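Asks: Quick one: the structure is below, and I'll ask about it shortly.
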Amino acid sequence: MATENKNLSDYDKSALPDAASLRIGVVVSEWNSEITESLFSGAEEVLQDAGILPGNFLRWNVPGSFELVFGCKRMIEKHAPDAVIAIGSVIRGETQHFDYVCSAVAQGIKDLNIQYNIPVIFCVLTDDNLQQAKDRSGGKHGNKGTEAAVVALKMAVLGN
Ligand SMILES: Nc1c(NC[C@H](O)[C@H](O)[C@H](O)CO)[nH]c(=O)[nH]c1=O
Ligand SMILES: CC(=O)[C@@H](O)COP(=O)(O)O
């Protein structure tokens, strides 16, 4: 399993890009909030370790992962952040709805990266069950929110 072999959740604080001059946005889905709040906490810790100023750390909530695309788009247009992290947790149910939500969100976030000159980081867990989500949001496989924040910082300063 890819995650078992590659865990970016352990990071070197001294190697993080300096966030003192950066504005980072985070859009958080309220579905599976136990998971998304853990992901947010992981991301928040990294950004604070990197020295982000409170006024430059923006958080908006949206109802579900499908709304992450619009939420990130509106945040970009309103605040022009240096990077945006989209946080969600999609857990498979009985129907094909899981597949449609996951595909739409992944494609939509990819499109935002192309449409705007701002990195939009895909921190959306797509799991078959709650345990898989727990394992990747502060459990045995680390925290994808932590990883996403490291990626956001690196992409925000890319080419500088
Ligand atoms: N089942 C999950 C959803 N479903 C809701 C959709 O994301 C969306 O809000 C709805 O279709 C209205 O547009 N969302 C998640 O984030 N996680 C799920 O497991
Ligand atoms: C990802 C979803 O929307 C899914 O959890 C909904 O569950 P179901 O497919 O049983 O309606």
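Quick reminder: no glycine exception, Cβ is built from N, Cα and C everywhere.
So TrEMBL says this about it:
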{"type": "BINDING", "residues": "TRP31, SER65, PHE66, GLU67, SER89, VAL90, ILE91, PHE122", "note": "5-amino-6-(D-ribitylamino)uracil binding site"}
{"type": "BINDING", "residues": "GLU94, THR95, ARG136", "note": "(2S)-2-hydroxy-3-oxobutyl phosphate binding site"}
{"type": "ACT_SITE", "residues": "HIS97", "note": "active site, proton donor"}
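Can you walk me through where each of these features ends up in the structure?
Replies: With a 10 A radius on its CB, GLU67 (5-amino-6-(D-ribitylamino)uracil binding site) counts 19 other CB atoms from all the protein chains.
Taking Cβ-Cβ distances under 8 Å and a sequence separation of 6 or more, THR95 ((2S)-2-hydroxy-3-oxobutyl phosphate binding site) has no neighbours in its chain.
Sequence-distant contacts of HIS97 (active site, proton donor), defined as residues of its own chain at least six apart whose C-beta falls under 8 angstroms from its C-beta, are absent.
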Asks: Please identify, from the binding-site residues TRP31, PHE122, the residue with the sparsest Cβ neighbourhood, meaning fewest other Cβ atoms within 10 angstroms.
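Replies: Candidates: the binding-site residues TRP31, PHE122. Fewest Cβ atoms within 10 Å: TRP31.
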Asks: Quick one: of the recorded positions TRP31, SER65, HIS97, PHE122, ARG136, flag those whose CB is under 6 Å from ligand 2, and say none if nothing qualifies.
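Replies: Checking each Cβ against ligand 2, the ones under 6 Å are HIS97.
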Asks: Under 8 Å Cβ-Cβ from SER89 (5-amino-6-(D-ribitylamino)uracil binding site), six or more apart in the same chain: what's there?
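Replies: Those within reach of SER89 (5-amino-6-(D-ribitylamino)uracil binding site), by Cβ under 8 Å and sequence separation of 6 or more, are SER29, TRP31, ASN32, ILE35, THR36, LEU39, SER65, VAL124, LEU125, ASP127, ALA133, SER137.
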Asks: Tell me the coarse DSSP state (helix, strand, coil) of VAL90 (5-amino-6-(D-ribitylamino)uracil binding site).
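Replies: SS state of VAL90 (5-amino-6-(D-ribitylamino)uracil binding site) = strand.
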